[in-house]
């Protein structure tokens, strides 16, 4: 039933001692010895086990995953670069033309034609 394999493929039985509080009963233990390694594995004299070589299907699956990740990364790079260059320089300010030569900010804004009222000049708005 339960066995432990040693490096040289012999089996040792595990000790199953009965519980001291239980009545004694006869227990039969089966041990098995395995003379050869498991199928699909080839044993080495020093106790190492060599795994089987990967199949073609394993290689195809791994290559597909790597290709999908590469395509996603290239797509993201393309989208990021396109977005960066498309929006480069689109920040516009609405400053009045010729304000760099004015003596003060008020004088520059008084001469700006975009800020002149076409109608009533008696109404003024003050910002505090």
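Each residue, glycine too, has its Cβ placed from N, Cα and C.
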Among 52, 122, can you tell me which residue Swiss-Prot lists with the annotation phosphoserine? 122
Going by Swiss-Prot alone, which of 10, 51, 93 is annotated as O-linked glycosylation site? 10
Quick check on the annotations: Swiss-Prot lists region 'Disordered' for one of 66-86, 108-128. Which range is it? 108-128
